[in-house]
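One structure is given here, and the rest of the page talks about it.
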Amino acid sequence: MSSKYAVKLKTDFDNPRWIKRHKHMFDFLDINGNGKITLDEIVSKASDDICAKLEATPEQTKRHQVCVEAFFRGCGMEYGKEIAFPQFLDGWKQLATSELKKWARNEPTLIREWGDAVFDIFDKDGSGTITLDEWKAYGKISGISPSQEDCEATFRHCDLDNSGDLDVDEMTRQHLGFWYTLDPEADGLYGNGVP
């Protein structure tokens, strides 16, 4: 799966910003606030909460769930297995390393497959791209970009071709750079919502 967008491939796992970014996500995913997360919590949020509120079809929800499971299993997570932040961070390091190798070889990545599944849900008009309004609906429902300003910042960061719409390739590139490598082109991806 080839992308027309380059991304920084060198990781910076010891950078305090990278660690803080993933701690923020860990805390966001820790639904019951016990300092540990499970794949159960993540799938519940993704399928029972987000997909339901976005009015995904049963087929879209199943496809999305399969992608969420594969992605977080890539981080070493499993149903019924609690992990604390240090294990979560180690899992992200393994996932990022594997994903970046795939990206460099133009092979499908888990983040792209998840992106394809989620775009199918976001793209209410079937255009193959998402609009700012479609992104704002997701940001509000998911809680990842709770303010209009944060949604707009994400949209601007991801609109690499300045078309006014986002395609899955643009979104994947920016998320890969943001979550995996601290690529400066992706800094501020979620506005003030995520460090």
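Just so you know, glycine gets a Cβ as well, placed from its N, Cα and C.
Feature list (source: Swiss-Prot):
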type    : residues                               : note
DOMAIN  : 17-52                                  : domain 'EF-hand 1'
BINDING : Asp30, Asn32, Asn34, Lys36, Glu41      : Ca(2+) 1 binding site
DOMAIN  : 110-145                                : domain 'EF-hand 3'
BINDING : Asp123, Asp125, Ser127, Thr129, Glu134 : Ca(2+) 2 binding site
DOMAIN  : 146-181                                : domain 'EF-hand 4'
BINDING : Asp159, Asp161, Ser163, Asp165, Glu170 : Ca(2+) 3 binding site
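Swiss-Prot feature annotations superimposed on the structure.
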residue : record                : Cβ contacts under 8 Å, 6 or more apart
Asn34   : Ca(2+) 1 binding site : none
Lys36   : Ca(2+) 1 binding site : Asp30, Glu82, Ile83, Ala84
Asp123  : Ca(2+) 2 binding site : Thr129, Ile130, Glu134
Ser127  : Ca(2+) 2 binding site : Asp165
Asp159  : Ca(2+) 3 binding site : Asp165, Leu166, Glu170
Asp161  : Ca(2+) 3 binding site : Glu170
Ser163  : Ca(2+) 3 binding site : Thr129
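Taken residue by residue with DSSP, Asp125 (Ca(2+) 2 binding site) is part of neither helix nor strand, so it is coil.
Listed in chain order, the extra residues whose Cβ falls within 8 Å of the Cβ center of the Ca(2+) 3 site residues Asp159, Asp161, Ser163, Asp165, Glu170 are Thr129, Cys158, Leu160, Asn162, Gly164, Leu166, Asp167. Per DSSP, the secondary structure of the domain 'EF-hand 4' (146-181) breaks down as 25 helix, 1 strand, 10 coil. The Cβ neighbour count for Asp125 (Ca(2+) 2 binding site), using a 10 Å radius over every protein chain in view, is 9. The secondary structure of Glu134 (Ca(2+) 2 binding site), as reduced to three states from DSSP, is helical. Spatially close to Glu41 (Ca(2+) 1 binding site) yet at least six residues away along the chain are Leu29, Asp30, Ile31, Asn32, judged by Cβ distances under 8 angstroms.
DSSP labels the residues of the domain 'EF-hand 1' (17-52) in these numbers: 27 helix, 1 strand, 8 coil. Summarising model confidence by region, the domain 'EF-hand 3' (110-145) averages a pLDDT of 86. Among the binding-site residues Asp165, Glu170, the residue whose Cβ has the fewest other Cβ atoms within 10 Å is Asp165. Between the listed binding-site residues, namely Asn32, Thr129, the fewest other CB atoms within 10 angstroms of a CB are found at Asn32.
Report note: the Ca(2+) 2 site is defined by Asp123, Asp125, Ser127, Thr129, Glu134, and the residues of the same chain whose CB lies within 8 Å of the CB centroid of those residues, excluding them, are Phe122, Lys124, Gly126, Gly128, Ile130, Thr131, Asp165.
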